[in-house]
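Trainee: The Mg(2+) 4 binding site annotation in TrEMBL covers ASP27, THR41, ASP72. What TrEMBL records for ASP27, ASP72, ASP211 is Mg(2+) 3 binding site. Residues or ranges marked as Mg(2+) 2 binding site by TrEMBL: ASP43, ASP72. Marked as Mg(2+) 1 binding site by TrEMBL: ASP43, ASP120. Look at TrEMBL and you will find HIS50, GLU261, TYR320 tagged as substrate binding site. Marked as ATP binding site by TrEMBL: TYR102, GLY119, ASP120, ARG145, SER213. Here TrEMBL flags ASP214 as Mg(2+) 5 binding site. The domain 'PurM-like N-terminal' annotation in TrEMBL covers 25-137. TrEMBL lists 150-300 with the feature domain 'PurM-like C-terminal'.
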Amino acid sequence: MKEFDFIRSIQPDFYRQSSVVKGIGDDAAIVRHTNEDVITTVDTMVENVHFSSKTTEPFHIGYRALAANISDIAAMGGKPTSYVVSIVIPDSWSAADLQAIYHGMKELAKVFNMDLIGGDTVSGEQLVLSITVLGTVLKGKARYRSDAQEHDIIFVTGTLGDAACGLHLLLNATHKEQDNYRYFVKRHQMPMPRVSFINQCENITRMSLNDISDGIANEANEIAETSDKTLIIEYDKIPSHSRLADFSHEQQFKWSLTGGEDFELIGTVSEKDWELLKTIAKKTNTKISAIGTVRNDWNKNGTVWLQHNHQLKKLEKSGYTHLSR
Ligand SMILES: Nc1ncnc2c1ncn2[C@@H]1O[C@H](COP(=O)(O)OP(=O)(O)OP(=O)(O)O)[C@@H](O)[C@H]1O
Ligand SMILES: Cc1ncc(C[n+]2csc(CCOP(=O)(O)O)c2C)c(N)n1
Ligand SMILES: [Mg+2]
Ligand SMILES: [Mg+2]
Ligand SMILES: [Mg+2]
């Protein structure tokens, strides 16, 4: 397929958002927002780093890459509205595979009423999918990592370690075992960002917030550093799916703290807002768990501590990092 035919084939027939002034078809897209702040985020997925033929069908490549970006919009307290896709395509990828990647993005975009408004297409050695998502938040109402305060309750949504368990199964287990643990495989391939929950939280006066892409060991440290506070997390309170108990304690420990890619949210709220947060979670069918508290301890601020087996140990930033060499 030629570049222009490809672009024509992925062009949407209509736009859902009235903010789209110009979509695909010119040098750049134009969106117009007058009453909200605009959130912009980009995350990139690279073949054999974020996905491989063993772990991810083309449909899931598109779905996951868009989910990862929408998750960052949720982590700012916003609503995703549109997306721009840059794709590097190796010769070996068929037209059908490429359509499937876009189909994966389209399916998730439909859930959030989002529009594909532009992108870029080039050929190259490895499939790379980079998505820029735009979102909106009421003026001045964005949620920052830096807003944790002393005595806050630390919470997480959902269960942690699921996606890492799914990845482990996809890389190491038989098809039969994968079928037996379909829940975990699906959590890796089709994560669902927590947009509806966070968009119901407008009455929570203050909240620090981050999404879990690299594992809470990383994300909690980002909150501790930017807020200059001490986070104390109780390991036994970290929520996990009941079937994670089928795996070794070491695997459970590693996956739930450093596995990443669950695209759940971690945040902190004041004690007085905790009941309200639980009510919102119930209303939006969101599992929420209190996993610890925020302290203001001048000689520990900027760090995270894990209470486990009657010991308090420093929880280092030990999740997935690029450029580690
Ligand atoms: N190459 C880059 N150029 C400019 N800014 C960058 C670059 N890489 C990251 N950033 C910025 O650094 C900050 C942290 O980015 P990071 O990618 O770690 O966050 P994230 O998307 O939440 O995490 P993850 O990539 O694991 O999903 C963001 O403000 C991001 O825009
Ligand atoms: C085939 C394959 N091997 C390993 C992994 C694990 N992995 C890759 S990137 C990442 C963290 C998030 O990345 P980023 O910081 O870029 O958002 C994790 C946990 C995977 N998903 N697929
Ligand atoms: Mg990023
Ligand atoms: Mg993030
Ligand atoms: Mg991200």
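Cβ atoms are placed via backbone N, Cα and C, with glycine included.
Tell me about the setting of these features in this model.
Mentor: The secondary structure of THR41 (Mg(2+) 4 binding site), as reduced to three states from DSSP, is extended strand. Take the CB of THR41 (Mg(2+) 4 binding site) and look out to 10 A: across all protein chains shown you find 20 other CB atoms.
In this structure, ASP211 (Mg(2+) 3 binding site) is part of a beta strand by DSSP. Around ASP211 (Mg(2+) 3 binding site), the C-beta neighbours below 8 angstroms that are at least 6 residues distant in the chain are SER71, ASP72, ALA74, ALA75, PRO193, ARG194, GLU219, PHE263, GLU264, LEU265, ILE266.
According to its DSSP assignment, ASP72 (Mg(2+) 4 binding site) is helical.
A simple way to gauge crowding: the CB of ASP120 (Mg(2+) 1 binding site) has 11 other CB atoms within 10 angstroms, across all the protein chains here. Taken residue by residue with DSSP, ASP120 (Mg(2+) 1 binding site) is part of a strand.
The Cβ neighbour count for TYR320 (substrate binding site), using a 10 Å radius and every protein chain shown, is 16.
Taking all protein chains in view, 20 other C-beta atoms sit within 10 angstroms of the C-beta of ARG145 (ATP binding site).
For ASP214 (Mg(2+) 5 binding site), the count of additional Cβ atoms within 10 Å of its Cβ stands at 21 [all protein chains shown].
Across the domain 'PurM-like C-terminal' (150-300), the prediction's mean pLDDT works out to 98.
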Trainee: ASP27, THR41, ASP72, GLY119, ASP120: which of these binding-site residues put a Cβ within less than 6 Å of any ligand 2 atom?
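Mentor: The qualifying binding-site residues: none of them.
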Trainee: Determine the binding-site residues, out of ASP27, ASP43, ASP72, SER213, ASP214, lying near ligand 1 in the sense that the CB is under 6 Å from one of its atoms, and give them in sequence order.
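Mentor: Near the molecule: ASP43, ASP72, SER213, ASP214.
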Trainee: Counting distance between Cα atoms, which of the binding-site residues ASP43, HIS50, ASP214 is nearest ASP120 (Mg(2+) 1 binding site)?
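Mentor: Minimum Cα distance from ASP120 (Mg(2+) 1 binding site) across ASP43, HIS50, ASP214 lands on ASP43.
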Trainee: With respect to ligand 5, which members of the binding-site residues TYR102, ASP120, ARG145, SER213 satisfy a Cβ distance under 6 angstroms to one of its atoms?
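Mentor: Cβ < 6 Å from ligand 5, in sequence order: SER213.
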